[in-house]
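Following: one structure in structure tokens, then a few remarks.
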Amino acid sequence: MSIKSDKWIRRMAEEHKMIEPFVPDQVRAAEDGRRIVSYGTSSYGYDIRCADEFKIFTNINSTIVDPKNFDEGSFVDFKGDVCIIPPNSFALARTVEYFRIPRTVLTVCLGKSTYARCGIIVNVTPFEPEWEGYVTLEFSNTTPLPAKIYANEGVAQVLFFESDEVCDVSYADRGGKYQGQRGVTLPKT
């Protein structure tokens with residue numbers, strides 16, 4: 001299994017629509033020249049962006065967080081260019097990009113250091129072979145202060161690993177529960 005380069009990422013995005021919309025280079029500034037958190041293709045990965053749809057966790061219902069029986073009322077929906085995450089809380093969002101992962105590929109996604117250095121942790125599980133959809137992102141604010149997340153800017157880097165052999169059963173083959181997800185998707189069992 002080997003990590004894939006920018007050349008491979010560009011080819012797969014352009015020829016097989018692995019990432020849509022796709023940015024072939026690294027973008028570090030907005031069209032007006034303002035500095036942003038970078039996104040797009042990097043040497044051995046792809047920096048994904050956060051869309052402007054958020055679900056911010058709240059404790060207004062004083063419920064227990066249970067992944068098998070998650071209370072959708074624990075979130076407040078928000079749409080905007082900047083999401084403010086309360087202290088010691090978290091928010092969910094989705095990527096701008098839609099992914100179609102090849103059968104021989106597994107990805108690992110890591111948060112960008114710009115956010116990590118501010119106490120904001122981005123968590124995403126691997127994209128499995130033949131999974132497709134928008135990625136649900138989880139942002140944890142580990143600080144005692146409110147924290148900002150910027151929509152349409154970079155939030156995490158996806159690394160692509162290609163196996164030497166094809167898996168027997170892909171995510172699509174087993175009917176994975178998050179296959180084809182479109183918006184911010186809450187836990188399923």
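Keep in mind that glycine also has a Cβ here, set from the backbone N, Cα and C atoms.
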Exercise. Name the one residue among GLN26, GLN181 that Swiss-Prot lists for the same dCTP site as LYS112, SER113, THR114, TYR115, ALA116, ARG117, THR136, LEU137, GLU138, GLN157, TYR171.
Key: GLN181
Exercise. Could you say whether, by DSSP, THR114 (dCTP binding site) belongs to a helix, a strand or a coil region?
Key: helix
